[in-house]
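The following features are taken from TrEMBL:
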type	residues	note
TRANSMEM	A:21-40	transmembrane segment
TRANSMEM	A:56-76	transmembrane segment
BINDING	A:H71	heme binding site
BINDING	A:Y83	ubiquinone binding site
TRANSMEM	A:88-113	transmembrane segment
Amino acid sequence: MIKRKLVGAHYGFGDWLLQRGTALVMALYATLILVIMAIVQPSTYLEWRGIFDNRIMAFLTFIYLVALFWHAWIGVRDIWLDYVKNTGVRLLLLLATLAVTIGYTGWAVQILWRV
Amino acid sequence: MADVAIKTKKRPKNLDIWTIRLPLPGVLSIIHRLTGAGLFLLLPVFLWLFERSLATPESFAEVKALGDHLVIRLILLGFIWFYIQHFLAGLRYLLIDLHKGVDLEGARFSTKVVFAASTTLMLVIGAFIL
């Protein structure tokens, strides 16, 4: 007989850690982008676009956005798990949230690299 | 024996949330959840604005022109408040994870610091934007 642990201690630890890790990534990016905005002070289209045309900035912005979507997924998932008791509705909301966040990731690629 | 005692013991329960006085760190906690949910709902709007601002000079000008409306600037300020509030409260949670300010006094104090900082930043940014 297979004994698989489904609940108990350490359950969800990975998500807990990811929520902190993604928060830290976002905080670092926020600091970086504030410094860049203060230095560049973009007012024209070319100046604004120039920031994100830089390959490193596009890459870092993508990392930030992925961290944001992941963070949002864990947070919104927790909200559904806390308040929605009906299994069917809960599953639907979880799937919709997951689909939307994955979709946003694709959208972010499109915005940053204009595929 | 212990199990039986727990099952039969009648404990006073109060689950009526309107009569529960939420302590200040609890208020911060629910605001953290509300601002998080709000930011999630606003995500598509901001991705769309980000996309438009980078797409063409014309679409950039359109996004920039949105700032001419006072209502839009107020909405933007609301969004910035959500972001700052969620950000600062989040930093507080990270510090608590590092066992800083876990005691009652520390938790209450850091909550007040978060509210004071987010309000001050809002007033400064508000004066700048409006």
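Cβ from N, Cα, C; glycine included.
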Lying 6 or more residues past either end of the transmembrane segment (A:21-40) yet within Cβ distance under 8 Å of it, the residues of that chain are 47, 50-51, 57, 60-61, 63-64, 67-68, 70-71, 74
Give the three-state DSSP assignment (helix, strand or coil) for the residue listed as 'heme binding site'.
helix
With the cut-off at Cβ under 8 Å and a gap of six or more residues from its ends, the chain residues touching the transmembrane segment (A:56-76) are 15, 18-19, 21-23, 25-26, 29, 32, 36, 97-98, 101, 104-105, 108-109, 112-113
Which residues of the same chain, at least 6 positions away in sequence, have a Cβ lying under 8 Å from the Cβ of A:H71 (heme binding site)?
A:L18, A:Q19, A:T22, A:A23, A:M26
For A:Y83 (ubiquinone binding site), the number of neighbouring Cβ atoms whose distance to its own Cβ is within 10 Å equals 9
DSSP on A:Y83 (ubiquinone binding site), three-state: which is it?
helix
